[in-house]
Amino acid sequence: MYHNSSQKRHWTFASEEQLARLRADANRKFKCKAVANGKVLPNDPVFLEPHEEITLCKYYEKRLLEFCSVFKPAMPRSVVGTACMYFKRFYLNNSVMEYHPRIIMLTCAFLACKVDEFNVSSPQFVGNLRESPLGQEKTLEQILEYELLLIQQLNFHLIVHNPYRPFEGFLIDLKTRYPLLENPEILRKTADDFLNRVALTDAHLLYTPSQIALTAILSSASRAGITMESYLSESLMLKENRTSLSQLLDIMKSMRNLVKKYEPPRPEEVAALKQKLERCHSAELALNVVTKKRKGYEDDDYVSKKSKHEEVCSPKGSFM
């Protein structure tokens, strides 16, 4: 249960400001570590600023979702949600300048498959990468190298509570206890879209899975012109507890605002920041504390297979 979970105790935070402080601390700690090794000065332009790290994390998190969406065999939604949560948690306390998000995102997906018991072998997993067999083998070596690091940085808190199960639970509840809504399934598509958009934000680090699921359903109802206030007051028994109802409405409003204000990173900005990031991970600077095999760092192309049509129509290196 979520309320007794490590997710509630250790990975649900009070505010966006708290998340910003954690990320800024991770950025500062890495800079201090890099300066201490004598290769750079404190204000060296090679360093990424916290807001630049956030931009890169947004980009690679979207890449992670895209990788999972075309994965063969089809990856369950809970596995995708777990992988994304691992990625978010990892970069609360670590810098992209130390651990490259390209390999971390793959390690998150790989570990999520194991934890959520999605039966896929290591060769099957790397078979989804757009790489030669040798390249896939080397990438797997990297993933296995980083797997224990990832587990340690997650403080061994590997069970993730996603909003997808409570979402299905609310739909069942609407069907059985809320006759005013004749066909709750009409809410599913728009609610699913909301869940996809909220996954790109920090909502999973700020709100409970049931709050996210309920907000998705009520947002869908609102867009369809359906009023469901009576569901909150009658079916969820909040009529007599106006304080709890008011708090819930405030939470849902802030979550919708979080989704509304999310801005995907601009391609030109990402391109410039990726160049800056690669310099941090270059062999001559070697700012990253643990030097890894270089394969997998130089090129984004290996992250997902192309279709045969794409292989014919687009040159290597044009993926996303």
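Cβ coordinates are placed from backbone N, Cα and C, and glycine is handled just like the others.
Residues or ranges marked as phosphoserine in Swiss-Prot (evidence: similarity to another entry): Ser5 (among others). Within the same chain, the residues at least 6 positions away from Ser5 (phosphoserine) whose Cβ sits under 8 Å from its Cβ are Ile159, His161, listed in sequence order.
The phosphoserine annotation in Swiss-Prot covers Ser132 (among others). A coil conformation is recorded for Ser132 (phosphoserine) in the three-state DSSP classification, outside any helix or strand. Neighbours of Ser132 (phosphoserine), defined as other CB atoms within 10 A of its CB across all chains, total 10.
Sequence annotations record features per position, and here Swiss-Prot assigns phosphoserine to Ser304 (among others) based on similarity to another entry.
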